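J.: Below is a structure I'd like to ask you about.
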Amino acid sequence: MHEQYQPLEIETQAQNYWKEHQSFLVRELPDKEKFYCLSMFPYPSGKLHMGHVRNYTIGDVISRYHRMQGRNVLQPMGWDAFGMPAENAAMKNNVAPAAWTYDNIAYMKSQLDSLGLAIDWSREVTTCKPDYYRWEQWLFTRLFEKGVIYRKNGTVNWDPVDQTVLANEQVIDGRGWRSGALIEKREIPMYYFKITAYAEELLESLDNLPGWPEQVKTMQRNWIGKSRGMEIGFPYDQASIGHAGQLKVFTTRPDTLMGATYVAVAAEHPLATQAAQNDPQLQAFIDECKRGGVAEADIATQEKKGMATSLFVEHPLTGDKLPVWVANYVLMNYGEGAVMAVPGHDERDFEFANKYGLPIRQVIAKVEGDDDFESSVWKEWYGAKDESVLTVNSGKYDNLGYQAAFDAIGADLEAKGLGQARTQFRLRDWGISRQRYWGCPIPIIHCEACGDVPVPADQLPVVLPEDVVPDGSGSPLAKMPEFYECSCPKCGQPAKRETDTMDTFVESSWYFARYACPQFEGGMLDRKAADYWLPVDQYIGGIEHAILHLLYARFFHKLMRDEGLVGSDEPFKNLLTQGMVVADTYYRTTANGGKDWFNPADVEVERDAKAKVVGARLKSDGQPVEIGGTEKMSKSKNNGVDPQSMIDQYGADTCRLFMMFASPPDMSLEWSDAGVEGANRFLRRVWRLAHAHVSAGLPGALDVAALDDAQKQVRRAIHLAIRQASQDVGQHHKFNTAIAAVMTLMNVLEKAPNQDAQDRALIQEGLETVVLLLAPITPHICHVLWGQLGHAEAVIDARWPSVDESALVQDTLQLVVQVNGKLRGHIDVAASASREDVEAAARANENVLRFTEGLSIRKVIVVPGKLVNIVAN
């Protein structure tokens, strides 16, 4: 055993052993309890960042711990390999996205291996490979035939110069990010998953996920957005509209119907189109609305604009004429593309009515207090629907609470055939068509005679050609007759293959299930293997995936269940959302007001007595730089630390130890070079103690019955550490406090007596415990030390240590003694001592006698096992 800790040598040795022995290869063992631990798979961007390292280390620690508990553990890894960054990189470097992607995968895989992750690489999936996406296409055809996938027109951002559809984030100030062209809203045919058909189940089954953070479940509940309300029909004013009909609106507040003063429709609504026929100004406004963003977030923050039409509808209860306005905040794809406006009690309508001088009618008032209604100032209570308000100015519906008004107005509307109670969801169907190249081809053939025909199963996969270099204009597949020209599977006539590809969220919605049977060729999933492994016992990923990815994966799991592919209802039993990795930022302001960001490694800092950074200068020129505070590690702020350089300098174990020790996994982790050095120092201490112990020759067995008091204290420290770490790692995932418990134990072992065989046998037990408790966290050093401590089997196959409760029993206890709440000494008493004996010992303590001299003792407070406080005056 080398005297010095040499991480490179140690880590190579451990990794070679795992490779040679296929230590991480796993099979279904029906008689063994399984544990499926999964970290969200990465996009192969080129190299790992610290966020990846943290995510995968957390997963690896949990996996290795459960393996030590005797479970059959699956920890797979793969690549979320389709997507826009590959297309952008391809255009920049003039290389096919496939080649760029596969090169990145090879490099990132070597980085993951260097971290020592216990991954079963035989189950690797790469989503851009046909053997993966063929099953996605197969499921698509099944769902299309059932109507769970359908085609309809959808509104998109269209770049007229690049002839392509842009994602919302690619539209900057209304212009295309690449071409700079003014973006248009366009209606194009798109494919949709009918996720709304599962809205109720997706909402209700959140209650069956006690292992998920409440915050994530709340975010999903809000996104699904179930609301109870009414669909109300406003009869057309035939004099202005020219024919009979109804404008249908959905509202959650029918109790305020008597306050409706106008209605607003979306730019795409048929009434808007009709009104604009002889009104060029209105047509210009409608065109402007259509050019706006299509994202709800954009619409929520943009300035509310509208224009009156010459059309009217009738109030369903009073018959009053209400003007029809076109407004940019009304979405055609929400409800019927129309809203009833009650400016008195809806903040958005209030703002709009004040802007355009529309009537504002109060129909709700506070029950108590003198807070008057003012039509010029919005107050929070205007929108209330609790016991604090009642209806007013509502005729026969006056003096009613929310529910009573809802019911009374609802009953009258239903009687007139102008309303019905309805439950609505905020959730929209999932549009998955993308006019992109680097994605999974949609398996549909368009035939003039037969319509949209799914590609038959025996003709799948529809393979994406991998040698294409996109140029950014239009869809490359739409320019490739060799791809799209085909014959109709139904009638044999010439037909055209669909050239859109699927949203990349589709691939990440079922990958967790394919890991159960990645080589299975008989179907999307091998039901037996899928039911053995699923659901995932522990899923780990960032909170930023709380809604879309996690909701789509839950939806897909239910689709697969309904296809008979899996037996469970939910994909992920427990969810851990790890915090971000943050680091200091430094910058200089440029002449044009921008910022040049400098990497912390290139900056020299000055700290105050509390180690806070108070000054910074660039190493290269010695000139000051501004301190930007701590931010998430990112390329844009240039504050990332390359994991590879850390591994090369300190070794993977140091990197892993720092990551797990610096903060609990669900909190942000602040990068600290000093913290990394501290982690490395600790591992050197462990190595040093083990080296000294092993060099003296391994001891014989420990005789637990023959321990003296000092030895009992050492053994107690060993088993306290086991108890603490078992709770922290196994139950709470608080790896930082588990590591702290091992550090405390190391302090005891370094000071422990080392005189005789019993002492040495005790240190042996202590070192074995240190190695076993650290094995999931720092597996390489523990692999080598376990062998050096005399074990033939590798630590990867060792069991987690169990607590010897008898070692925790103390014959004597040391209690703190206070006088008037101030520490004045310690006393040793028998563990079985009565309260009277403890009080007598405390009163007899020489310090107590000194500090109570001349005082009378009023009372003595005894906290069993901890302290005695003597109150005297």
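The count begins at 1 with the first shown residue.
Positions of Cβ are set from backbone N, Cα and C atoms, glycine also.
This is the feature table in Swiss-Prot:
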- 42-52: motif ''HIGH' region' (MOTIF)
- 624-643: region 'Disordered' (REGION)
- 632-636: motif ''KMSKS' region' (MOTIF)
- K635: ATP binding site (BINDING)
J.: Taking a Cβ cut-off under 8 Å, which residues six or more beyond the ends of the region 'Disordered' (624-643) line up next to it in the same chain?
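T.: Those are 47-53, 111, 115, 580-589, 597-601, 603, 613, 615-618, 655, 670-671, in sequence order.
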J.: Across the motif ''KMSKS' region' (632-636), what does the mean pLDDT come to, as a whole number?
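T.: So the average pLDDT across the motif ''KMSKS' region' (632-636) works out to 87.
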J.: Test of understanding: give the count of other CB atoms lying within 10 angstroms of the CB of K635 (ATP binding site).
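T.: Around the Cβ of K635 (ATP binding site), 9 other Cβ atoms lie within 10 Å.
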J.: Going by DSSP, how much of the region 'Disordered' (624-643) is helix, how much is strand and how much is coil, in residues?
T.: 1 helix, 8 strand, 11 coil
J.: Per DSSP, what is the helix/strand/coil residue tally across the motif ''HIGH' region' (42-52)?
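T.: Result for the motif ''HIGH' region' (42-52), in helix, strand, coil order: 3 helix, 0 strand, 8 coil.
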